[in-house]
């Protein structure tokens, strides 16, 4: 019998339904794997007792012929989602040992369908980062390594723990979040599938906020089908989130096998950036060839304001963060450092509670919102954002979906880029546009680099057309036949 931790989410659900194994058995297998894999540092909180309790409850429901769409499936939860009674810190010192008294809407949706929680997953502090090096718990380690090199590699960020856990078979799938590429970049780095849905599809209630107009929940999973299955359940209208869309959630799982015959796929010329590696260019061309062979029509499109996307993002996101993170003052919850007066207590709590990258972004955000610079920076960035949205509106008059690389590089070693914030920020160059425009985007593993590391392709769809992402993603997955797994060194 296959090792239970090797199963895809879809295969595990089939096995649970047909009683080939119990939820207690598969949950126990994952808990054992987690115990043996702590060197990966994927989990920051393990919940074995809660997991087994949930698994036994699932088994009882399955025995009665009852159960939800995720009944008995063990999942990992990014430490950004509030989980009632389980510590949630967004991997920041300032939240101390904060334990929520309520459940986020996304995780509640999962539990309502019978999912089992294995624990909370590592991430960049407050989701600010592209390498997961800003976590208070230290970075998770990518299960993949370069050929002939033992250097520890980043699993990407900010959802690095989610990507490392799925890639290392430490959960069937995981929740993640994406503000500028934090689902799609880690998925590309770890040979997993990650999708960011349309802004407003999934509720942000109970998600620790970074940049409210950009943050969006989504899954990281082993296959395109698994990601569709999980996203269907994560998404719902929620009156507790004012940005939540009142729209039906389609049957995305059925879209995965519909093919791309008759679809028009746009190739943006502006994504051929200076210095793009030959490997990634070749993979992009291979993706184009696969879609053509599957019956899609390829059209060149233009997204003229692409070059302004990163600068606009790194003004808008820190500005929103400086507003959102003002609530952390050591008074009502989280860590407090006493000062001689109230102001000093605020200053000391924030100075010791926020890490360097978070402090950097808060300073940028406060600066661009200050009265003398608001018009020069923030207002202009919002105008650029509107232009980027209009670029996509025009492009989608010519095509049904857009194909690009997911990342400008493969996974890099820890410390390789952390000394240069600008080089680190460039990791988001292909992903931020979808966040600024509120569009869905999926990263699908499509090949290996010469050094043996995964490479992903990204598909961007029209607003509320995740179906196109899943259709194209399914074809890319079939054509690439990506079955490579990291050699177990841990």
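Here the Cβ of each residue, glycine as well, is placed from N, Cα and C on the backbone.
It should be emphasised that the depicted structure is a prediction, and the values quoted were computed from it without experimental measurement.
Residue 78 (active site, charge relay system) carries a strand DSSP state (E or B). Remark: residue 78 (active site, charge relay system) has 120, 121, 123, 159, 161, 162, 174, 175, 176, 177 as non-local neighbours, by Cβ distance under 8 Å and separation of at least 6 in sequence. The active site, charge relay system annotation in Swiss-Prot covers 78 (among others).
Counting residues 6+ beyond its ends, the region 'Disordered' (131-159) has Cβ neighbours under 8 Å at 39-42, 44, 78, 89, 91-93, 121-125, 165, 167-168, 174, 176-179, 182-183, 185-191, 194, 220, 355-358, 407, 411-415, 417-418, 424, 427, 451-454, 486-490 in the same chain. Feature annotation from Swiss-Prot assigns region 'Disordered' to 131-159.
Per Swiss-Prot, active site, charge relay system is recorded for 158 (among others), and the stated evidence type is sequence analysis. Close to residue 158 (active site, charge relay system) in the fold, though at least 6 residues off in sequence, lie 123, 124, 127, 128, 129, 130, 132, 177, 179, 182, 186, each with a CB less than 8 Å from its CB.
What Swiss-Prot records for 182 is active site, acyl-ester intermediate, and it gives sequence analysis as the kind of evidence. Taken residue by residue with DSSP, residue 182 (active site, acyl-ester intermediate) is part of neither helix nor strand, so it is coil.
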Residue 182 (active site, acyl-ester intermediate), number of other Cβ atoms within 10 Å
38
The region 'Disordered' (131-159) resolves under DSSP into 0 helix, 1 strand, 28 coil
